[in-house]
4 protein chains.
Amino acid sequence: MEKLPFQLKGLAAAVYTPFKSNGDINFGVISEYIDYLVKDGVQNAFICGTNGEGISLTFQERKEVAETWKHENNGRLKALVLHVGSGGIRETQELAAHAEKVGVDAIASGPPYGVKPRNLEELALYLQKVASCAPTTPFYYYHLDMNNSVKFGDMEDFIDILQQIPIPTFCGIKFTSKDLAELARCCRHPAGYQIASGHDPLLLPALAAGANVFISGTANFQGKLFSGIMDAFNGGDLQTATKLYDQLLKHSNIMRKYGPGVALGKAVTKLARFDPGPPRSPLRPVTKETEAMLKNDLQKIGFFESIN
Amino acid sequence: MEKLPFQLKGLAAAVYTPFKSNGDINFGVISEYIDYLVKDGVQNAFICGTNGEGISLTFQERKEVAETWKHENNGRLKALVLHVGSGGIRETQELAAHAEKVGVDAIASGPPYGVKPRNLEELALYLQKVASCAPTTPFYYYHLDMNNSVKFGDMEDFIDILQQIPIPTFCGIKFTSKDLAELARCCRHPAGYQIASGHDPLLLPALAAGANVFISGTANFQGKLFSGIMDAFNGGDLQTATKLYDQLLKHSNIMRKYGPGVALGKAVTKLARFDPGPPRSPLRPVTKETEAMLKNDLQKIGFFESIN
Amino acid sequence: MEKLPFQLKGLAAAVYTPFKSNGDINFGVISEYIDYLVKDGVQNAFICGTNGEGISLTFQERKEVAETWKHENNGRLKALVLHVGSGGIRETQELAAHAEKVGVDAIASGPPYGVKPRNLEELALYLQKVASCAPTTPFYYYHLDMNNSVKFGDMEDFIDILQQIPIPTFCGIKFTSKDLAELARCCRHPAGYQIASGHDPLLLPALAAGANVFISGTANFQGKLFSGIMDAFNGGDLQTATKLYDQLLKHSNIMRKYGPGVALGKAVTKLARFDPGPPRSPLRPVTKETEAMLKNDLQKIGFFESIN
Amino acid sequence: MEKLPFQLKGLAAAVYTPFKSNGDINFGVISEYIDYLVKDGVQNAFICGTNGEGISLTFQERKEVAETWKHENNGRLKALVLHVGSGGIRETQELAAHAEKVGVDAIASGPPYGVKPRNLEELALYLQKVASCAPTTPFYYYHLDMNNSVKFGDMEDFIDILQQIPIPTFCGIKFTSKDLAELARCCRHPAGYQIASGHDPLLLPALAAGANVFISGTANFQGKLFSGIMDAFNGGDLQTATKLYDQLLKHSNIMRKYGPGVALGKAVTKLARFDPGPPRSPLRPVTKETEAMLKNDLQKIGFFESIN
C-alpha cells in the first residue's frame, strides 16, 4: 500500500465527459483536453463526478472512460481521481476494483444513488465494503450537499465514526457543500484527513476556513485565475487574492444567471477551449440563443482575457 | 401494438428480490414466491422497484431477474410490470428494450437516479426517450414522492404536459405519494390514465379518492386482507371495509414502530411465507432480537391469523 | 369543568376576518357572515386561524374579534373555536385567559410562531402552559403541516406523549395535513381524541380514513356541498358522495390554478356571499383581472348553482 | 434624515433579554450587561432578535425593553439596533414607530412570523410598509436562513428588487445564513449596502468573503477574541487571525455538542459574565448536569482565559 498516505496537491479539475453529437463518448478529444488543463496549471483531474456525468454513463462506458484518461494522460496530470459511485453496491465495488487495476491515483464514492443509508453509520459500513475492493487505492468520500442530494449529517461526526468503522484507504473528503463552518471543523479534526473544497464561488472564504485543496468545475477553463487566488492567499497577499476573487465572482454571477450546471459549463468550455459536446438527457444543451448571450456576457466581464 | 390500451386489474405485489446469505440472487425461490402470491389472490407483480432493490442490482442481474420472473411465472400472475429505471438514460433504455424482448406486460420508470431533470418538461422528454426503446410495451411513470426522493411537481400538471410531449405507450402512474388530493385529481383527468396507488396504509382513503388499482408491498404477505378491503369497498360495504382497514392499520403501526422499509418487509415475509434473505447494503437485515420482538407484536394483533 | 368532554359536531367554517378597504377590521359584517354560514348548514366557526389571519391581527384586535363573534353569534352557530396561538407564550396565555372570560366554546393553539420547540415533548410542555390559563375551556392542538410550517413529528406520537404530559382540557387535534395515514392512526388511538380534518380537497378520503369532523375554508361558501358529502358518506351512499366530491374537486382545481390561499378565498367569498374585504400585507388582494377570470371559471363549473 | 447614510462600525452583540426566575424581564441587570460588553470592546447591540427572544416578549414588553436599553446605555455602546419584526404587519409598524420615538440608531425586520410573503417582491412591499413608519431611522433586513426559517430567495436578487420597490431608509442586511458565496456577491453589489454577517463560526471565512461588520451571539462573552480576529485579518496578519479562529472554533464545537441556541448561550453567559436567567418556553434552561459538563468542557479549551 505504498500509495498511502496520499495527498492531492494543487488544483483538480472536475472534468466533463466529452460526447459526440450522437451522444456517444468522444474519446478522441481527451488528450487535447488534458493539454488545456496542464497549460492552465491544473494538476489533477476528478473524473466521472457530477461534472463528468458519471452516473449517466453505462457500466461499460465508465470503465472505458477510466482506461482512456489513464492511458491518454500518461503522467501529464499529477493525479487522476475516479468517482466510482453508482446506483448500488455491487457495481460500485466492481468499478472500484477496476479502478485499482487501471491504476488511477485515487477513487471517490458517496452513498449509492438508489437505496440510501439511513445514518452515518450505515454510510460508513457501505463505503467500507466499497473501498475494500480497491485495497491499495486511496479513497475519498464524495460529500455532495447540494442539488437535491440528501445530506448525511455532519462530516465531523462522520470522521468520528470512521474511527469505529475504519476504512484503511480513507484519505479525505471531496466536500461539495456551502457549509464552511463544517469544513473548517473538519480541516481541524485530529484525524488529519484532506478536505477538498468543491464549491467554486467559495474559493477565497474556503481558503480562509482552512481548505488547501480544491476540486473545481471552473478549473476546466479558469485554472489560471483559480491558481492565482490560491497562490496569492498562500503567499499572504490578501489584496491580490481578493482582487482576483472579484473576477471569479463576476464569472459565478453569469453562471448563476443562466442556471449553473453541466450544460452551461460545457457551453463555456466550448467558447473557451474546445467543444466537449452536448450533455446527456435529462440535461439539455444550451440553445444557440443562450450561447450567444452567454458569450456576450463573458466578453463584458473580461472572461476571455482572464483565461489566456 | 396490440397490448394497448393496457389496464392493470386487481392487486399487484411490489415484490422483493430474494437473496442468498452471500448476497447473490436466490433465483430458486421465485416460483414458490409466485405460488404464495397467487394463493393470496394477488394478480400482478411489480418487479425491481424499491421493494425489489432494483437499483441495487447490477445491470446484468436486472436482466436475469426479468427473464426469471417471466419464465417462472408462466402465466400464473396475470401481469408482470418491470421497473427499468436506473442511474442514467442509456442503461434505462437498454433495460426497456430488453424488457420488451423478454415479454413483460408493462414497464415503469421514474427520473434517473443520478442527474435530475429540472422540471416536468425535462422529465417528460427523458421518459419519452426511454419508452421509445420498448415501443409496444405499456409504460407507467414511477412517481415516488417519499423516502427522500425528489418530488417533480404535480402529477396532474405532468399529465397535461404529456399532451404536448406524447409517449404513445403511456398507460398510467404508479403513484407512491401520500397526497390523495393530487391522486383524486389525477384519477379524474380526462386523459383517462390509470393511477395505481402505492402507499399501503392509505388503502381505504385512496379507494375513496378514486384509485382502483394498487401496487402494494403489504401484498407480499397480506394479499387477502388487501383484496378484502377492495372488494368490500367496491361492493359498497363500507362497514366491512373499515373493519378490515383497522386490521391493516394495526400492521402498519408495527411497521412504523420498527422503521418501515425493505429490511423489515423481508423479515415479515420470512415469518409469514418464505425466507427472501437479507437486503443488500446499505440496508441491513433486522437483528435476531428485532425479529423476535416483531414476531411477538405480530402475534398480538392477530397478524398470522389474518394472512391464512 | 362542565364543558368537558367536549366534541365538535358537524361542520366548522374556518372563517375570514373581514377588513375595510383601509385595513381596519370590519366588525359590522360579522352578523351577516354568520347568517350565511347558518343558512348553509355550517354549525361552528374556527376563528383567527390561518384563514382568519389571526397572527396578522394585533393583540388588542384579537380580543375584540373574539368578543364580537361571541356577541354577534348569540347562539346561532353551535360552537365557536378560537385560535389563540401567537408569536410567544405570554400573549398566547393571555389570549387563552381572555377567551375563557369571553366564553368561547373551545380554543386552539399550535407551537409559537417565533421560537420553535425542538421536539414533541417541548411542544407538549409549551401547550400545557397555554391551556392551563383557560382551565375550563376545551383545547385543540392546531397541527399545521403545510404552507412552509414546521412539522412536529407524528401526531400519534404526540398523543402518546400527552399521556405523560397531561393537558386536562385537551379535546383533539385540528389536523391540517395531507397525511391521511397519520390521521387514520390518530382516529384509532385509544385516547379517543377528536381529529378534525382541515384540508378540504381531501374531504371524502378523510371520511374514509375515519375523520368525522371538519374545519374547512371551503365551508365559507360551500357548506351545503360539504355537508352533502358528509351526509351521503355517513348514510352509506358512496355513489352520491363521490358525485358531490367530483364537484368539490372541480372547485379545488380552480383554487389551485390561481394559487390557493386567503386572498383567493376572500375573492370567492365576495363573488359568492358578501365582501370580506382585502387581506392584510404581506398578502395582496387578487387583481380585478384575476377576479374576472375567477368568476368566469367558477361559472363554467356550475359553482354558483352548487352554492344556492 | 440626518442619520442616513448609516453604517454600523465594529462588532455588535446580539444581546439576550435577561429574565428573572419567575419569567419576568430582569431590567435591573441591563446596565451591568452593557458594562461587560463595552469592556470587551463590543461597540453595538442588536436587541430583541433571535438571541433576545424578541418574538417571545409581549408587545408591551418589547417597548419597555427598547426604552430600557436606550436609557441604560446612555451612549456607552455606539449604536443600538432594535429588531421590530413580529407576527404581523400592524404590530411591527407600531414597534417601528415606537423605536423611532425612543431614538434607537437603527431597526431591523424580516418577514412576518405568521403569514409569509410568497416571493421577494411581496417581501419588499411588506418591508416598505414597515420602514415607512420610522421614516428617519436606518433599516436593516433581517435575513434568517437557518433554524427552520423560510429562505426568501437570493439576497442579491432582493437588493435588485429594492431598486424597483425603494425603501429610503434601507441600510443593509443582517445576513444570518451560511451561504458565503451569496454574502460575497451581496458585498460586491453596486448598491453598496452593508452586509452584516450573523453566523459566528464563519467569522474568518466571512471576512475573506468581504463582510466587514458582524452581529454576533458569541460577542456576549467573547468580544475580545472576536475583535482580535477582525483586527488581525484587517491588518493583513492571517497567521494570527487563523490562530485565534482556531480558538473560536473550539468554542463552537462545544456549543454544537450541547445543541446550539439561546438556552446554551445564556448558560455560558452565566458562567462567563452575569446571570441572564432562564429563557422563555418553549425553550428550556440547561440542567444543572449540563451546566457542570459545559463548564468542564469550557475549562479544557481555555475558554475562561480567552475571555479575560
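Each Cβ is built from the backbone N, Cα and C atoms, and glycine gets one as well.
As annotated by TrEMBL, active site, proton donor/acceptor applies to D:Tyr142. The secondary structure of D:Tyr142 (active site, proton donor/acceptor), as reduced to three states from DSSP, is extended strand.
Annotation source TrEMBL lists active site, schiff-base intermediate with substrate at D:Lys174. Within 10 Å of the C-beta of D:Lys174 (active site, schiff-base intermediate with substrate) there are 29 other C-beta atoms, taking all protein chains into account. The DSSP secondary structure for D:Lys174 (active site, schiff-base intermediate with substrate) is strand.
The feature pyruvate binding site is assigned by TrEMBL to D:Ile215. Annotation for D:Ile215 (pyruvate binding site): same-chain Cβ neighbours under 8 Å, separated by at least 6 residues, are D:Leu8, D:Ala12, D:Ala13, D:Ala14, D:Asn44, D:Phe46, D:Gly49, D:Val81, D:Lys174, D:Thr176, D:Ala196, D:Ser197, D:Gly198.
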Proximal but sequence-remote residues of the same chain as D:Tyr142 (active site, proton donor/acceptor) (Cβ under 8 Å, at least 6 apart): D:Gly49, D:His83, D:Gly85, D:Ala108, D:Ser109, D:Gly110, D:Lys174, D:Thr176
